[in-house]
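Colleague: Have a look at this one.
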């Protein structure tokens, strides 16, 4: 496999990608550049540097991408009120296009002719990484070891690591109970007991949130300030995008918000059960719909809702860098010009309740909407003609004998 001289590897420092690093060196006889992304996963990323150095890697990239992640990926997604299959807030999906982008940037900077990732051949991530890579660098070679090697169990990986002197932490022979992925938007949990769709998840699994039952008995109130569809302040204090999300995770988690247990349809064809912890995102979704409720035109809001499932599917299936997603994003962003104002929320035992919203760009007119005397602002007699015109097609059909009874 002499055609590959240098590979950029998406490297976490864990067992899988450490084995991949050594496997690439031996199988392709190539130089490996490692790239470790800090997306707010809450783990120290610097140990990955020491591991890579110990394995002979000379070019090591460890990048703090938290602000870019929230500003350029999470926030644009939430402008669309994006939810996949009615529940999933796409915490894993939205991180992959940024990682793919950075892999390609590093490949260009280092003269690498290939990239590699640790996604398995059963999951969505292989598709997300590779669609992004090919969109950004059409001629790049992608090496996906899980589709090539025979190391198809954790024990085989451990044995390979020990045989090749790869530093690992072996805790007996017991398999880790969950496969986890974390970033500033969420933590996902898969595998283990969760593979039985009838078995309830364990309370000890959750890392960011208390159970709703153990959340404080006193409600927490917060105010979120929006500018062009993005949160710019919490309780009147301006914050950067990453800090906004981190603070909402902390506040939401303390109130038992953001837990989810679902079975989703993977792009590769199978159903998969996952548990997700997304406290900040859960708050953001509720708040964004609230500020839009007073600032968006009715038909614009309805059109956004119609297009949202397609937009969500594009993100879930790895088409972030596609022309259709970019086209939808331009439309979504155009709709956010007047999405400005403040939303007040009540957080209590797993629930997020909107209790107030205000905006200088509000389309809500109390003089027209009032149940009291409106001083002629709205002529109720006009409704008769409106109703008759909208009933015309149904009246014609009924007169032609098309009875519905």
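Cβ atoms are placed via backbone N, Cα and C, with glycine included.
Pasting the relevant annotations from Swiss-Prot:
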- 10, 11, 12, 13, 14, 15, 16, 17, 18, 37, 118: ATP binding site (BINDING)
- 88, 93, 124, 128, 179, 188, 264, 276: L-citrulline binding site (BINDING)
- 120, 124, 125: L-aspartate binding site (BINDING)
Colleague: Tell me the Cα distance separating residue 125 (L-aspartate binding site) from residue 188 (L-citrulline binding site), rounded to the nearest angstrom.
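Modeller: That separation, Cα to Cα, works out to 13 Å.
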Colleague: Using DSSP and three states only, what is residue 118 (ATP binding site)?
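Modeller: DSSP assigns residue 118 (ATP binding site) to coil.
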Colleague: How many Å separate the Cα atoms of residue 264 (L-citrulline binding site) and residue 125 (L-aspartate binding site)?
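Modeller: About 14 Å separates the two Cα atoms.
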Colleague: Among the binding-site residues listed here, 18, 93, 179, whose Cβ has the fewest other Cβ atoms inside 10 Å?
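Modeller: Looking at the binding-site residues 18, 93, 179, the Cβ with the fewest others within 10 Å is that of 179.
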Colleague: Under a criterion of Cβ-Cβ distance under 8 Å and sequence separation of at least 6, what residues of the same chain contact residue 128 (L-citrulline binding site)?
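Modeller: Long-range Cβ contacts: 93, 96, 97, 100, 119, 317, 318, 320.
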Colleague: Tell me, if you would, which residue among 12, 120, 124, 188 (binding-site residues) has the fewest other CB atoms within 10 Å in the structure shown?
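Modeller: Ranked by other Cβ atoms within 10 Å, the binding-site residues 12, 120, 124, 188 bottom out at 120.
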Colleague: Could you state the CA-to-CA distance between residue 12 (ATP binding site) and residue 124 (L-citrulline binding site) to the nearest Å?
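Modeller: Cα-Cα, rounded: 18 Å.
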Colleague: Output, ordered by sequence, the same-chain residues six or more apart from residue 276 (L-citrulline binding site) with a CB under 8 Å from its CB, or 'none'.
Modeller: 88, 89, 91, 186, 187, 188, 189, 258, 259, 260, 262
Colleague: Excluding near sequence neighbours, so keeping only residues 6 or more apart in the same chain, what lies with its CB under 8 A of residue 118 (ATP binding site)?
Modeller: 10, 12, 16, 17, 20, 145, 146
Colleague: Residue 14 (ATP binding site) to residue 120 (L-aspartate binding site): how many Å between their Cα atoms?
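Modeller: If we compare the Cα positions of residue 14 (ATP binding site) and residue 120 (L-aspartate binding site), the gap is 15 Å.
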